[in-house]
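Quick look at what TrEMBL annotates:
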TRANSMEM  36-56  transmembrane segment
TRANSMEM  77-97  transmembrane segment
TRANSMEM  103-123  transmembrane segment
TRANSMEM  135-154  transmembrane segment
TRANSMEM  174-196  transmembrane segment
TRANSMEM  203-231  transmembrane segment
TRANSMEM  243-262  transmembrane segment
TRANSMEM  274-295  transmembrane segment
TRANSMEM  301-322  transmembrane segment
């Protein structure tokens, strides 16, 4: 009986084995499809964000150059930019739920490419073709390199996919590689913060490294929150796990502190330097965090990893060339430096400057019309007569200031008009 039943059992197991073999190609094609969906959502989101920011900037510039008394939030252009900004952020947020973290993060180069193209299209100045190509050759080369790097990133990006359930995220959170990575990151962050706050090390690399370390935790938590929301929408509820709310709080907190350090960097350095150096540092640290927490490169062969690294380097070079071509802003100096003029004495008396600031506004020496201000009277005459005394023992003052009141000036003007 047993010998007669064994062939039947083998025949019954044969279709099951063939079915199991056919599942793997379907899974691979589905994972590549998810990668493509996530990459397209990220590209769409960064493109829309770039358009939205340029629209809002255009709204501010248009109001500043006209006599329109309205505030910027009362214009349709600004609200259109805000709507597109929210739409783009939703696209980027949802892309983390489909594709690996190490694939989505480098695609932020799309926003730099879009900003460069929009700046060239809407340029106000007129150039000859030769001058135009010579002026923007770095932007063209940078855009080409960034596009090539983005193509390599999408083609050779990591292909690891798992359901973002509460059990999987908790298991990754307590794994020893990620705990070691968090320990190293906390030590680095504390050292950088100490040098930045206590030693006044206001270098752009120090500030943007702080931003990158915070940003790596932000993208890790964003992927966890977005993945758990998508799994919940698909029918498997994940919002009752405490890890979801822990990740949500960490995402909001790290994003706020990251924005704070970015605002401090924007006050000290040019936006083009922040864009290029920040993109390189943030992408590198975020890819490291994704490879440690989500194990993005597990099972990938050496060729795919090398081509992915090459795509990152090409994208880095492209972003650097694009931002390198931007004009540096010239700071506005409202006052004339008296001591910088040749042959002029430094007219300060016990730290009180000759050119006072009237009501905390740039009124004296600034390029604005203050004829309607009744508070401004006739200015005092500055260097005056130096008197020589015959006696050597008596010290004379180096200069004498002749003060005139408003009434004296009116009397003198009447006498001059009569003459």
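Cβ coordinates come from backbone N, Cα and C, glycine included.
Proximity of the transmembrane segment (174-196) to the transmembrane segment (103-123) is not established, fewer than 3 Cβ-Cβ distances being under 8 Å for residue pairs spaced 6 or more apart. Of the candidate ranges 135-154, 203-231, 243-262, 301-322, 135-154 has the most C-beta pairs within less than 8 angstroms of the transmembrane segment (103-123).
Proximity of distant same-chain residues to the transmembrane segment (77-97), defined by a Cβ-Cβ separation under 8 Å and at least 6 residues beyond the stretch ends, is recorded for 37-39, 41-42, 44-56, 58-60, 62, 104, 164, 219, 222-223, 226-227, 229-230.
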